[in-house]
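Colleague: Under the heading Ca(2+) 1 binding site, Swiss-Prot lists E47, D137, N184, D235, S236. The Ca(2+) 2 binding site feature in Swiss-Prot is assigned to S109, G111, D129, T132, Y134; the stated evidence is similarity to another entry. The active site, proton donor annotation in Swiss-Prot covers D235 and rests on sequence analysis.
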Amino acid sequence: MMSQQDLPTLFYSGKSNSAVPIISESELQTITAEPWLEISKKGLQLEGLNFDRQGQLFLLDVFEGNIFKINPETKEIKRPFVSHKANPAAIKIHKDGRLFVCYLGDFKSTGGIFAATENGDNIQDIIEDFSTTYCIDDMVFDSKGGFYFTDFRGYSTNPLGGVYYVAPDFRTVTPIIQNISVANGIALSKDEKVLWVTETTANRLHRIALEDDGVTIQPFGATIPYYFTGHEGPDSCCIDSDDNLYVAMYGQGRVLVFNKRGYPIGQILIPGRDEGHMLRSTHPQFIPDTNQLIICSNDIEMGGGSMLYTVNGFAKGHQSFQFQ
């Protein structure tokens, strides 16, 4: 009979040495991002990257509510204002220059959206927290000036979240899909016929084909082209001018890239991820008129700071509503 010390034994080697091993996507084209700018030596939950018409970068930190403005040429960091609403999660810029800020509130039922100037003045409630039960995480404008937003509620066995469309007059809210678990990132294809949505706690990517009215789903048009693996799950996303989709993987320190049909075609790794550093990658966004992608992440679990990283993507970023 074989002694215990002679039994076959598992060892940590190869992929099992990583804090966040990549299994199903290990054969994809893979590049590692370069550090671009340190936002803070403190771990801040960075999110909401968006560029204005002058090429200035806006972003926020969720838990403290700081709104940051960065000059990409000088790397100067300013903090023009602090959100008056709890747990802001995304910034989108209207073509009139106003910032639309999504906020999560109490993470249960007090989220909403407000608009303000870049200095935080002239605040207008777009979706009020006291008259709805949404927990709003992200949004994307269409060319008419309406927008889609994600409802971040629920968990894996209690899918309360969904996706809604708000008409350009901001008065009518129409449900697109419902009963999903923590709807998070959202992006709209160049022709505005395909809506992409990430479902974080179910680890799924939704591809929703829309009719011309922008709210009716085409027959058999709501599909799930991809199931992610690992903890935690897909976060914010954006498209490039080839209609490729870039999805930040929260808790994994990487960005996955999909073609317009939802097939994975590449991935971007954050340095230090195998050792468990900078895993909270939340949002990718292109510098306008370039293929240079900026990615935000932080190292809260390991006591590190908050960083922006950069790579070149497959194509230039898509010039969305604020540039039209």
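Glycine residues also receive a Cβ, built from the backbone N, Cα and C atoms like all the rest.
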Colleague: What whole-number Å value do you get for the CA-CA distance of G111 (Ca(2+) 2 binding site) and D137 (Ca(2+) 1 binding site)?
Modeller: 8
Colleague: Which of the three DSSP states, helix, strand or coil, fits D235 (Ca(2+) 1 binding site)?
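Modeller: Where D235 (Ca(2+) 1 binding site) sits, the three-state DSSP reduction gives strand.
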Colleague: Taking the Cβ of D137 (Ca(2+) 1 binding site) as reference, which residues of that chain separated by at least 6 in sequence fall under 8 Å from it?
Modeller: A89, A90, C102, L104, G111, F149, T150, D151, F152, A183, N184, G185
Colleague: How many Å separate the Cα atoms of T132 (Ca(2+) 2 binding site) and S236 (Ca(2+) 1 binding site)?
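Modeller: So the alpha carbons of T132 (Ca(2+) 2 binding site) and S236 (Ca(2+) 1 binding site) sit roughly 23 Å from each other.
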Colleague: To the nearest whole angstrom, what is the C-alpha distance linking E47 (Ca(2+) 1 binding site) and Y134 (Ca(2+) 2 binding site)?
Modeller: 19
Colleague: Identify all same-chain residues not among S109, G111, D129, T132, Y134 whose C-beta atom falls within 8 angstroms of the centroid of the Ca(2+) 2 site's C-beta atoms; report them in sequence order.
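Modeller: Once S109, G111, D129, T132, Y134 are set aside, the remaining close residues are G105, T110, G112, I127, T133, C135, I136.
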Colleague: CB neighbours of N184 (Ca(2+) 1 binding site) within 10 A?
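Modeller: A count of 28.
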